[in-house]
Structure formats: C-alpha cells, structure tokens
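**Q** One structure, pasted below without further comment.
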Amino acid sequence: MFKLFTARQHDKIWDFDGGIHPPEMKLQSSTVPMRIAPLPDQLIIPLQQHLGPEGELRVRAGEQVLKGQPLTVGRGRTVPVHAPTSGMITAIAPHTTAHPSGLAELCVHITPDGEDRWREQQPWADYRQRDKMALLDRIHQAGIAGLGGAGFPTASKLQGGLNGIITLIINAAECEPYITADDRLMQEHADEVITGIHILRHLLQPQQVLIGIEDNKPEAIAALQRALRGQDDIHLRVVPTKYPSGGAKQLTKILTGKEVPFGKHSSSIGVLMQNVGTVVAIKRAVIDDEPLIERVVTLTGDALSSPGNFWARIGTPVLYLLKLAGFKPQNPPMVIMGGPLMGFTLPSLDVPIVKISNCILAPAETEMGLSEPEQSCIRCGLCVDACPAGLLPQQLYWFSRGEEHEKARNHNLFDCIECGACAYVCPSNIPLVQYYRQEKAEIRALDQESARAAEAKARFEAKQARLAREKLARELRHKQAAVKLTDADQQTVDAAVSRLTRQSDGSESVINIPAGQMPDNSAVIAAREARKAQARARQAEKQQARSTEETTDIVDPRQAAVAAAIARVKAKKAAQVQHVTTDVAEAGSEAIAEDPRKAAVAAAIARVKAKKAAQVQHVTTDVAEAGSEAMAEDPRKAAVAAAIARVKAKKAAQAINPD
C-alpha cells in the first residue's frame, strides 16, 4: 500500500491557474513524415539569431566557405553562426529579417556550390571522458540557442545551472495550435532525444529528470517510451492538453508543484528546462560535431496544398519553403511566423529561416476568421481568468494606454509571457499583447536612457573628484616646495642643531677668558683677511675685464680712423689758438711801445680773441666727444659727426680771422 502511494505521489502532476483550450489544428502536419528541403539558390544568414549581441565577422565577401564553418566569433553570450552549406559568400549586407518591425539586419549571403562539403569534423564517441567545461565550450561554439522560441544561449544557461539544479525538465509539450515540429522530431528521432538528455544529465547532475508532454501526442509518447525502455532514471510525464502548458513557469508548476517567484527564473527554485529540439541539437554538436545549421520547421495552413514538417537549412528564404509545400497566395496575403497566438505577420516573404523559427503558418482567407475592429473594454474580467501568469491584463492595458510606466512595472508587466490567452478571450477584440509589447519596449528604452544618464553623471562626478584630488595634490606640492631647504641651508641648520645638542648635552664646553687677558681672535682675523683678499681679487678681475672690453671696442679699423682724424683736428685747432695768442701779444707789445692808450685797446682786443679761441676749443672738444659717442654707436654716424665737426671748426676759424 505504501509503495502504491509513493508511486502515485511520484507521478503526480499539478495544474496552473488560467489557460485556454483553442482548436489544436495539428493534424494537418503531424501525420506526415518529415521531409528534407533542398538547397535554395541563395542562403541569407543573419548575424544575430539569439538573445544577446551579434558576433564579430570572420569571413569576407568573395570567400569560399565549407559546410559548418563558423562565420562569426562566439564570445561570452555571443553565439556564433555557421555556413549551412559549402559555397561562395556573395555579399555581407543588410537584409530584412524575421521580426515584426521589418527592419534590416546585417546578413551573410551565400551562394551554394551544390557540393555540400563539410569542414573537418571531430566526433566525440565517448563524451563522458571530457570535462564539463570542454562540453560547454563545444555546445557554445556549435552556436546552439534555445529552439523553443526564446533564443537564449544554451551554453550560458547550462553554465548557470552547474550548481544547485535539482530537477531537469525536458519541454515536449508544444502547446500552441498548428505547430508540430517537436511532435514529429520525437516520433522520428526519439533515440537522439534520449541521448541528448543523457549528455545534459552528465553535465548538470540533477536529482531527477522529467519529460513533460501533452496527451494529444500519442505517437510521440509511444516513441519516447520505446526509447526509454529499461531506463528508470528519466521519467516521462503526460500532462493534460491546455494552453499554455508549454510555458516554462507553467510546465514547472505542472510537473513539480513549485511556482517561480515574480521577476525570477526557474533556476531560482532548482529547476532547469530545455526544449526537445535543443536537446537534439546538443546531441549532434557534442557527439557528431555538427553545429546548428538546420532545424525542423512546420509548414501548415489551408493556403498550402502539401503541409508538413521540413528539415530546413538556416538562412533558407520563407518563400522558397512555402513553394515546396504548395503555397497558394491569398488576398490579402498573410503569412505568420510562429503560431496563431504568439506569432507575428511577416513583413516580407524574402526573410530567412532563423534558429527560433519553428513554424510558418499560411492560412486561407477565412481560416483565421474575419478581422473585427477594436472596441472599448467592457471590464468583463475574462482576461483575468485566462491569464496563466496570475496578472491583471485589464489594468496593464489601461496603464499601457495611459503611458503610466511605473504602474505597469509595479503590476509585474514583465512577468507577462505574451501567450495571447487574454487577447483570445477578449470580447472587444482588443490586441492586448500588442499593447504589452509596446509598453515593454518603451520601458526598456526609458531604462536605457536612465542608465546612460546615470553613467554620464557617474563620469562627471568621477571627473570632479579627480580634479579635486589633483588640486589638493598641487597645493600640497606647492607648500612642500615653499618650505623645502637647499642643501647648504640644510647643512647650516643641521650644524646649528648639532651645536645646540652638544651644548645641551655638555659635550661642547664653554671657553672662559680670565680677567685681564684678551681672547685669541687670530682665526677670526685670518678669515676676515682672506675674505678681503678674495674681494680685491674679484675687483681686479672686473677692472681687467672692463679694460679688455675697452680695448676690444677700438679694434674696429673704421673707428680707429675716425679717432685719429678727431685727434688731428684737435691738434690743428690748438696750434691755431697758440698762433693767434702769439700775434696778439706781439701786436700789444708794439702798441705799448708806441702809445699807452693804443696798448690798452690792443690788450682788450687780445682778451676778446683769447676768449673766442677758448670757446672754439670748447666746441671742438664737445664735437670730438660727440663724434666719439657716435663712433661707438655706429660707424656711419661717426663719419657724419666728423664732417659736422670739421665744418664747425672751419666756421670758428673764420670767426677768429675774418680777414
């Protein structure tokens, strides 16, 4: 009885609040075997196909590549992309990608050569001989991201779960209508699914491994049971069909009874989840050394004559796949990537298949129902009952329309999984998920702006602090420089301190002079005489330097010639003055001999002439001095001064001897 109770507890499943039961519409594609899509004429590989930044390019246009060759560098959370086949890189240019915005992203354009040649491969037959970090690096370099739709880098997710993981859950629910990619993958490749689970179990060492699958996939359930025969370490749990039971938080609640707290991931409660398609990709990367270059894509809808699931290379244009399934264009044209609840209408059919593209839905004109206009909310509360995350969709709608961002955030807008259950049950046809997506984008933009502003403020404050530190350091250096002593000053101070220390210690005795005796000042007198001798020597050196400079000043030949001319003029004038004085004296003597009165007159005239001669001599001396100064300044000025002196001397001579 106890064993039966334990078994029932072991297989127990729980339920989550909310959820809906839309038409499944899976039989169109789940009953048809998978097909391999041929290579298209051109492959378009976007550089970013995961959550995180795009990788750095490793190739150039015009380069030949091989199948499986990496096109970008994978570092950190950057997942590399690989060449899906061998061929020529014709261009590296922007192209419209699978996104609701329809914006162009950088892509690598490859023209296949038809040979499909692989790069060198290194399979690992026994992965258990490899350490965990080598396995994680292998998974990362294979470019594996979550194939269930989130696109989170798988290696990063696994590395975060190396410690503390209690339960490993394999998500095989595939709850959204129309999509059957995982269903067919489990039916045809159940052995690879189980092998991939063993690799994850070797990495994470969880206490239990659970596979959650909805009860509307009997063929897949049977295939997994056959693959698990004889293995009791992996438990298959069949859960009731209910949308969105494939959500990470919802499936965790169903299988473990635990709820993931608001704002956190399932790893916070010891649970790690991986999609079935991701598990197969891990097996092929680790054991077969095959990077993620293809995936299973469901092509379904009434606009297709041959729906089914295809192995499609990453980068295959959507229109090419639709033609393989017998696409019949509708009016108005509408092709959805993803399911009818969580998918989005493609802006163009030239967009390529990426790693998270699990379904291409091409409905007929009447298949999705007539489009009805949006009406006002009637506050019926059906959206609250349908929400599997336990949110208040009606309140979030009002906050989103009113741009009340903080209120929307506080009401846990980011816990919305965008499943579309609220919009599905809304009688007013309000596209609630679109409002939530737009509000999330606006809040993220505001957060980024706030982060940039905070970074700018932090940089400004850091700069101000640095400038303040530099100013203080500068002032300190100036203070230190102001009080810093030279070596000589320091020696003097040290000597004085030493003398004071010796005196205080008594080591230096004071000299006492007895009364009636004179102190011996011979040393002081000798020092004074030495200083005087040094002063006299310096004075003699200065005089010698001045005489040398004067001698050097007369070295110029032109200056010497001018000086000689001035000397001759002075000598000539002196001779003339002497001759005039002699004549006057003789005339006076003759006049005295003849008449005393005439003698007096002659004497007066002689005195006047002598006075004029003295004035002429004084002028000549001034002119000579001026000429000497001009000569010292400029040779040309000296010549002019000499000419002027000669003219003045001539006039003076004429004044003395008018006759």
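Indices start at 1 and increase along the chain as displayed.
Placement of Cβ uses the backbone N, Cα and C atoms for every residue, glycine included.
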**Q** Looking at [4Fe-4S] cluster 1 binding as recorded in Swiss-Prot, which candidate out of Cys416, Cys419, Cys426 goes with Cys377, Cys380, Cys383?
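**A** [4Fe-4S] cluster 1 site check in Swiss-Prot: besides Cys377, Cys380, Cys383, the record includes Cys426 out of Cys416, Cys419, Cys426.
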**Q** Suppose the [4Fe-4S] cluster 2 site is Cys387, Cys416, Cys419, Cys422. Which further residues of the same chain have a Cβ inside 8 angstroms of that site's Cβ centroid?
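**A** For the [4Fe-4S] cluster 2 site the neighbour list reads Gly18, Cys383, Ala386, Pro388, Ala389, Leu391, Pro393, Ile417, Glu418, Gly420, Ala421, Leu432, Val433, Tyr436.
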**Q** Taking only C-alpha atoms and a 10 A limit, tell me which of Cys377, Cys380, Cys383 are near Cys422 ([4Fe-4S] cluster 2 binding site). These are the binding-site residues.
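**A** Correct set: Cys383.
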**Q** Please identify, from the binding-site residues Cys377, Cys387, Cys416, Cys422, the residue with the sparsest Cβ neighbourhood, meaning fewest other Cβ atoms within 10 angstroms.
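**A** Per-residue Cβ counts within 10 Å for the binding-site residues Cys377, Cys387, Cys416, Cys422 bottom out at Cys377.
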**Q** Going by DSSP, give the three-state secondary structure for Cys377 ([4Fe-4S] cluster 1 binding site).
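**A** Cys377 ([4Fe-4S] cluster 1 binding site) sits in coil per DSSP, no helix or strand.
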**Q** Taking the Cβ of Cys380 ([4Fe-4S] cluster 1 binding site) as the centre, how many other Cβ atoms fall within a 10 Å radius?
**A** 13
**Q** Inside 10 Å of the Cβ of Cys383 ([4Fe-4S] cluster 1 binding site), count up the other Cβ atoms and send me the figure.
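**A** Around Cys383 ([4Fe-4S] cluster 1 binding site), other Cβ atoms within 10 Å: 27.
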